[in-house]
Amino acid sequence: MSDKDYGHADVADPGASGRGSAHADTDGVRDRLGARTIVLVGMMGCGKSSVGRLLAARLKLPFVDADTEIELAANLTIQEIFARHGEPYFRAGEHRVIARLLGQGPQVLATGGGAFMNPETRKLIAESGISVWLKADFETLFERVSRRANRPLLQTPDPAGVLKRLMALRDPVYAQADVAVDSRNVPHEQVVSDVVSALDAHMRKNDDE
Ligand SMILES: Nc1ncnc2c1ncn2[C@@H]1O[C@H](COP(=O)(O)OP(=O)(O)OP(=O)(O)O)[C@@H](O)[C@H]1O
Ligand SMILES: O=C(O)C1=C[C@@H](O)[C@@H](O)[C@H](O)C1
Ligand SMILES: [Mg+2]
């Protein structure tokens, strides 16, 4: 699938001169960010938590993970919340937690894979954040999520089929993010550099007009 299939998000081109390098403008991104939150969205396994933590360190910003915060608020694991209360209960809590966290910028926020599907959550993110879609293809995601059995939506006899269906449903919505970056199978720090470059380009274009 080509980038143009993904709506209008700005897509980082890691091959472009000077972009995707360790010299990307971290100071500029932090300065332009103000009190906003960098919000990572995308499918399970795209790297929101792992890349997000490193991105926050690179930008010298706090890192917060919505899934972890939901678990803390409920004093239950995500699997337990799904098993005891069901998905709608989890989604309601997810929206409340993200609404609260968005008031704490500047920071980097890793959302859960389904959070950006909620239109109210997307609206709040657009108001006080800059959204970054970490994109990966099916094979990459399936290999990554197969490493751990901690994602309740994939605890089914056909996890590959579920993942494919979720991608078909969600990718057009993730494409509404401000920026899109390929979460390639390269060292995480390289993906971090690509995100910083994409954010820098997006903020220069949109905030300096
Ligand atoms: N760019 C990458 N290259 C190689 N491995 C990666 C990359 N990004 C993430 N991974 C690996 O994929 C796995 C899943 O990553 P991670 O937990 O960060 O995804 P996530 O988007 O937070 O998923 P979830 O929505 O389920 O919380 C981890 O083992 C992580 O190290
Ligand atoms: O993609 C999803 O819907 C989910 C992803 C995880 O981050 C968790 O938020 C939960 O397992 C649901
Ligand atoms: Mg995560």
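Heads up, residue numbers simply count up from 1 along the chain you see.
Just so it is clear, glycine is given a Cβ too, placed from its N, Cα and C backbone atoms.
Under the three-state DSSP scheme, Lys48 (ATP binding site) falls in the helix class. Close to Lys48 (ATP binding site) in the fold, though at least 6 residues off in sequence, lie Leu40, Val41, Gly42, Asp65, Ala110, Thr111, Gly113, Leu134, each with a CB less than 8 Å from its CB. Taken from TrEMBL, the feature ATP binding site applies to Gly45, Cys46, Gly47, Lys48, Ser49, Ser50, Arg151.
Cβ neighbour count for Ser49 (ATP binding site): 17 (other Cβ atoms within 10 Å of its Cβ, all protein chains included). Among the features that TrEMBL reports, Mg(2+) binding site is placed at Ser49.
Residues annotated as substrate binding site in TrEMBL: Asp67, Arg91, Gly113, Arg170. A 10 Å cutoff on Cβ-Cβ distances gives Gly113 (substrate binding site) a total of 21 other Cβ atoms nearby, all chains included.
What TrEMBL lists as compositional bias 'Basic and acidic residues' is 1-11.
Taken from TrEMBL, the feature region 'Disordered' applies to 1-27.
The binding-site residues near ligand 3, defined by a Cβ under 6 Å from one of its atoms, are Ser49, chosen from Gly45, Ser49, Ser50, Arg151, Arg170. Cβ neighbour count for Arg91 (substrate binding site) (all protein chains, 10 Å cutoff from its Cβ): 16. Cβ atoms within 8 Å of the centroid of the Cβ atoms of Gly45, Cys46, Gly47, Lys48, Ser49, Ser50, Arg151 (the ATP site) belong to the same-chain residues Gly42, Met43, Met44, Val51, Ala110, Gly113, Leu134, Arg144, Ser183, site residues excluded.
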